[in-house]
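*Asks:* Below you will find the structure I want to go over with you.
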Amino acid sequence: MSMGKLMIFLLQLSWTVHLVTAIQRKYIFPYGTLSGDLTLQKGDDETSKVLALKRPLYFYESQFNELYVATNGIISAQDLPMEKQYVDDGFPTDFPVIAPFLADIDTSQGNGAIYYRVTESPTLLNRVAQEVHRGFPGGHFTPTHAVIATWENVAAYEEVTRATGPSDRLNTFQAVVAYDENDSYALFLYPEDGLHFFGTRPKESYNVEIELPARVGFSRGEVSFIFSRMEGPYYSVTSNEQSLKNLYQVGNTGVPGVWLFHIGNRYSFENVVPAAVGAALATPPPRGQEGDDSTTAGYSELEYPEIFEEEPDEDYPPIADPDFQSPTIPEFLQPSHLDHGALPGQSRLQPYGGDLPLTSDPQYREHDNHGKPPPASGPSGPGEYPAKYPAREPEPRNQPHQPPLEDVKQQQQLQPQAQAPQVVPRPEHTVLEVFPNNRGESSPHMESDPPLAPHGGHFVSVVEEEDVDFDTGVIQYSTETKETCARFQQQCSQNADCTDYSSGFCCHCRSGFYGNGRHCLPDGAPHRVNGKVSGTVIVGSTPVDLNSVDLHAYIVVSDGRAYTAISEVPEPVGWALMPVAPIGELFGWLFALELPNSQAGFKITGAEFTRHAEVTFYPGNQRLSIVQTAQGLDSENHLSVDTRLHGDVPFIAPGATVQMEPYKETYQYYPSVVRSTSVREFTVVSAERGSETFTFQLHQNITYHDCRYGPRAGPETLQLTTERVFVMYVKDENILRYAITNKISPVGDVDECVEGLSLCGAHAQCVNLPGSHRCQCQSGYKFGFDGRTCIDVDECVEGIGLCGANAHCVNLPGSHRCQCQSGYEFDIDGRTCIDLDECRSQPCHPQATCSNTLGSFQCQCQYDFQGDGFQCVPSNGHPERPKTQCEQHRDSLQGGLSPRGPRPVPGGLAPGAFVPQCDEQGQYRALQCHGSTGHCWCVDSRGQERAGTRTLPRTPPTNCDRPDHTERPKTQCEHHRDSVQTTSPEGYSIVEGFLPQCDEQGQYRALQCHGSTGHCWCVDNRGQERAGTRKPPGTGQPNCDEPAVVPPTQRPETVCERWRASLVDHYGGLPRPHHYLPQCDPQGQFNPIQCYGDSSYCWCVDRDGREVAGTRSHDVVKPACVPTVAPPTMHPLPRPDVTPPPSGTSLLYAQGQQIGALPLNGTLMDSERSSTLLALHGSIVVGIDYDCREKKVYWTDLAGRTINRARLEPGAEPETLINTGLTSPEGLAVDVVRRAMFWVDSTPDKIERANLDGSGRQTLFDTDMVNPRAIIVDSSTGTLYWTDWNREAPKIERSSVDGHSRKVLVKDGIGLPNALTFDTATRQVCWADAGTKRLECIASDGTGRRVIHSNLNYPFSMVFYANHFYFTDWRRDGVIALSRDSSQFTDEYLPDQRSHLYGVTIATTHCL
């Protein structure tokens, strides 16, 4: 073999080695603590401290000044929510995300580390710049900063059990985000042998084998507008496991495993653009094809010199760089023979549409010689693109269009005249018609601009004056030269096709876009309008000038909603312009929801038109002229509209509201003009004048450029139906708002309620009307700010709660109730409170007369008797002074007076009784002694013990007559102690009561003990028991000197307060001004409006802190949020009480902070009669059961860690039975026969029992359980059953109710046995499994197992009644009914308030 052939062979061999090797781990960017990296805290869901950027970064079109690195393979420009809100979901995300490998990653088991830093290293910035210049040739990018994040040897989250250890499948990958003052780029690096897992299991998959693939790509996050928010654009690099495996096998920079993307621009950016250079691992090329035809990029140390050996940049002299320890690392330069186009089979993904300037910048140009884009290829490319953003060629916005040289030459040959256009002198009485360039921008005045060649952007046509149609105000044009697409195609939108007709050409938007051909917008995408409002408006007799104030509108095209806001409107004219909704109605017509055989206005007018409207108000005949001029689309594809107002409007009192009625309007379409006339009605409600109704008439002409050459299409008349008009002036911010919902259709009626076109929200009913429909709120609700959502009417606040005299109003969701004052009771109507005749209960002494009064009563002793009416004694025929308090006290203990002296108490005076001693005048003796105990003390004139005077037995008593003895006021403890009744009215000792112990200063002793039961506990300085300190008798006394485990609070912390505290901890105790902290009101509830720190990024929330859709605002105009929490009741707070269900059998279900009642009509659920049985604010009710004997409901409270009960009768209040020693009480069962209850505590993993009053508590089982949940009892046999959803070994067990004969009933073929019930007819135990999705039954001896249903969703709890199973379902958030006999679903109930339902039980009228 010759030396030349040997060299060729070795060269081919080196290509072979190169082509099957991805980037080595040592060649990714330097990382680790030696490189100056910070290390992320180990864990499953950690977020770095904020990375403050010295210069802002542009991600998409938005500017960010900080970044966060998270465990789960992402970088975000916003502090991250909890992982459960995003880690298992696909793109798009709600917040900005750069995701090199988004998955549920865990470093808490010693698996790997995550490093990150911000660097300004010239060495690394030069390396990034080289990569960008190779991936985007011809671009100009000089990075000033870079953020490098590296995930080294990290593992997927897995539950580690005794049988398995930490996973050995580890991943390593890196993300580099570099940016300058205008642009941002991202590099994703996946080294060879760096990816070993490609997905993770959801944490709640239990034993169901599910693995979600990782996500790689970018998501802008939600984009906020004036009145709402929407999903922002996103870009996915991967779509399945194979595309994930391709991450290190292919690339788009010329190096396998290295991916480059353009991710942001300061001025305009639609979506992420990938680099155009392909690279893939491959086999050597066939013999004879090794030359310049290769499209696979290669690299080797021999073939490519190191870039650091080149001449150093003047700006960056050679320095010792700690970010780069190995100057011998080779760079992967692009070989000169590479094809810059995409690889075969590799898709090109571009940003979504709109009219953007053309460009010849090689950074983005991917055209062939004919200027046509190549077709998109298959799915094997770098990613996928969301269908909602139509693909198109990416084009930068910084250079004008320069046609290819071949195209110019060809046009010069075809049109030599066009090279040197001459300015034609304009004769008198001519009109210049200026056609906009393809960007849709408004053209400058032609007097100063000479006409340009066809590709220069303008064409000037000279028209005789008589061609102008002055009737319509439309300028027609004519020319003797035929206008063709070859000459004037640039007048069409970039997203339109040009069509030649016999006399000229017309433009038509392509598929996926809509408009008039000259201006085209992407289908379905929301649209924005910007502009100014000027003019003079006379309010009453006061002229008010509007000097170019801002107008912004946001249109949700998909459902025809248009929101308009005008800022800086002075107060007099702001109120007066509320009825002038036609200002915003223009945008409603342009982008109305299209019904069949109709089209919205923008498809006719495009983005250039003039609207003349005249509004005449009645009865005052005020006239207002509105002229709105659309001047094309700006660089962001937003419509620009200037509005001028001139004329008079009626005066509207400050603080008034305006209600606009829905209306229909017929639009008539002519060539180049649209006309309509309508009459509107509106109502003004003010404090001064009440409710007044007015009307106005609207005449309008809309003139536009019409293409007269093509065929006419579309109807001559269409009907615009405006279903809702909401107007509002915000005085504090000087903002005028209009919200309008529109649809356009042929003239005629459509039943929107039947066709599913209604936009009615919750608690609203659709009512069809001729040509329209309306939404009617249910009784007790009214429309909120958006005109669609029905909110609760507070009848008490609004004065419509029809409670009579002597009653006060209590608001309820959708209703209210009246509550009588003390001394009154409800009349038969249930609303009017009438006087309660207390005398019916005979409260007075038998020798006294009772007289009823309004709200009270009086007792008066009869003749020959004296006393206060409650105690009457004979007067003995001569005047006698009334008995004193001391004498009454003494005599009540001794049995009162008989004619011959005190009546003896039957059986004698109890030895433990204290009898006060009175002096001759009947006053308390200063020194009192207890005859039984020997204690003595001093009392005041009211018989109250004087603090500090009590002495022990056999010690000298205190001298109560000493003048120097100063009496201090009694303390709370002493009041408490003295108020406790220690003797019965008959004088017997009452030993069951607890008597608090006070120290010498009258304060509560830290240790308190119950003298009767023997329980001891610690108290705070208010005498309140400290949680967790109670000890039963025989277990010793608690150490009350230890700090309290749970610091006492006046009320428990609310969700808002707990969330706020956790975020403060997350921010290291020092949140910065831009950080988000929940804003809570003084009662701890969420403020209706929430904002990021001191920014203007705000939104509305409901009472649970959940964001109200469509309320985000990112400007100085904060959203108008309606308070969702009623003003707090002044203390003391009334306790929740029971509203029992209708008579008959009902299902009772637990739903978070309430217990609901669902009556049964046979076996069908009567949703119309459903109600809230008990509202329990701050609770999480889980387990629930019913005692049919005493008609009481029992439940466990996970939030309060208590077990409670309440009687099913009106006004009954909850009673807490168990409030200590509980951690996570879940399932609960009541044994009606044995009067006992059983429950599971899922944190300590034990089962306990107690009597129904909470006494006799004992632990039955606390071993061999992992996750107990459901528990039931068969009272007839005394058998207990429970489930344990241990993921490793789930099972169902049984035992006797006294804890004997424990046995595993089912252990095979189950996954997540959540729900458990007993079929009394077949004597079988039945369970619903959220893992296997089956409902099964089995006999108590383990035989006869059978499947009832095998396709459940996510059952949680279940009860059996009348051959039907009723179970709560977490997927449907409702109650599902299933027939045991047919195995079919028979009914479903979905509460109006959608949230998880927990336990369910049956409440019958008698025990079954």
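Cβ coordinates come from backbone N, Cα and C, glycine included.
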*Asks:* In TrEMBL's disulfide listing, C936 is paired with one of C918, C929. Which one?
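*Replies:* Of the listed candidates, TrEMBL names C929 as the partner.
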*Asks:* Going by TrEMBL, tell me which one of C1091, C1100 is disulfide-bonded to C1098.
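*Replies:* Within the candidate set C1091, C1100, TrEMBL assigns the bond with C1098 to C1091.
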*Asks:* Quick test of reading the record: TrEMBL lists a disulfide for C1016. Which of C998, C1009 is on the other end?
*Replies:* C1009
*Asks:* Choose the correct range: of 433-454, 1027-1048, which one does TrEMBL annotate as region 'Disordered'? Give that range.
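*Replies:* Comparing 433-454, 1027-1048 with TrEMBL, region 'Disordered' matches 1027-1048.
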*Asks:* At the level of the C-alpha atoms, what whole-angstrom distance separates C1009 (disulfide bond) and C1098 (disulfide bond)?
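*Replies:* Between the alpha carbons of C1009 (disulfide bond) and C1098 (disulfide bond) there are 53 Å.
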*Asks:* Checking distant contacts: for the repeat 'LDL-receptor class B' (1191-1234), what same-chain residues at least six beyond its ends satisfy Cβ-Cβ under 8 A?
*Replies:* 1027-1028, 1030, 1052, 1135-1141, 1148, 1150, 1155, 1173-1174, 1176, 1178-1185, 1240-1244, 1250, 1252-1254, 1257, 1268-1273, 1275-1276, 1278, 1280, 1282-1283, 1297, 1316, 1399, 1401, 1403, 1407
*Asks:* Please report, as numbers and ranges, the same-chain residues at least 6 past the borders of the repeat 'LDL-receptor class B' (1235-1277) whose CB is under 8 Å from any CB of it.
*Replies:* 1183, 1185, 1187, 1194, 1196, 1203, 1205, 1217-1218, 1222-1229, 1283-1289, 1295, 1297-1299, 1302, 1313-1318, 1325, 1327, 1340, 1357
*Asks:* In terms of Cβ proximity under 8 Å, which residues at least six beyond the ends of the repeat 'LDL-receptor class B' (1278-1322) contact it?
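*Replies:* Contacts with the repeat 'LDL-receptor class B' (1278-1322): 159, 161, 163, 206-208, 1227, 1229, 1231, 1233-1234, 1236, 1238, 1240, 1247, 1249, 1260-1261, 1265-1272, 1328-1332, 1337-1338, 1340, 1342, 1345, 1355-1360, 1363, 1365, 1367-1368, 1380, 1408.
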*Asks:* Pop the Cα-Cα gap between C1091 (disulfide bond) and C929 (disulfide bond) into the table, whole Å please.
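*Replies:* So the Cα of C1091 (disulfide bond) lies 66 Å away from that of C929 (disulfide bond).
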*Asks:* Report, as a single number, how many Cβ atoms besides its own are within 10 Å of the Cβ of C929 (disulfide bond).
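*Replies:* 16, counting other Cβ atoms within 10 Å of C929 (disulfide bond).
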*Asks:* For C936 (disulfide bond) and C1098 (disulfide bond), determine the Cα separation and express it in whole Å.
*Replies:* 68
*Asks:* Roughly how many Å lie between the Cα atoms of C1016 (disulfide bond) and C1091 (disulfide bond), rounded to a whole value?
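*Replies:* If we compare the Cα positions of C1016 (disulfide bond) and C1091 (disulfide bond), the gap is 48 Å.
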*Asks:* Would you list the DSSP helix, strand and coil counts for the residues of the repeat 'LDL-receptor class B' (1278-1322)?
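*Replies:* Summed over the repeat 'LDL-receptor class B' (1278-1322), the classes give 0 helix, 23 strand, 22 coil.
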*Asks:* Can you break down the repeat 'LDL-receptor class B' (1191-1234) into helix, strand and coil residue counts using DSSP?
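*Replies:* Tallying H, G and I as helix, E and B as strand, the rest coil: 0 helix, 23 strand, 21 coil.
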*Asks:* In the repeat 'LDL-receptor class B' (1235-1277), how many residues does DSSP call helix, how many strand, and how many coil?
*Replies:* 0 helix, 23 strand, 20 coil
*Asks:* Pop the mean pLDDT for the repeat 'LDL-receptor class B' (1278-1322) in here, whole number is fine.
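*Replies:* Across the residues of the repeat 'LDL-receptor class B' (1278-1322) the model's pLDDT averages 92 on the 0 to 100 scale.
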*Asks:* For a quick check of packing: other C-beta atoms within 10 Å of the C-beta of C1009 (disulfide bond), how many?
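*Replies:* Other Cβ atoms found within 10 Å: 17.
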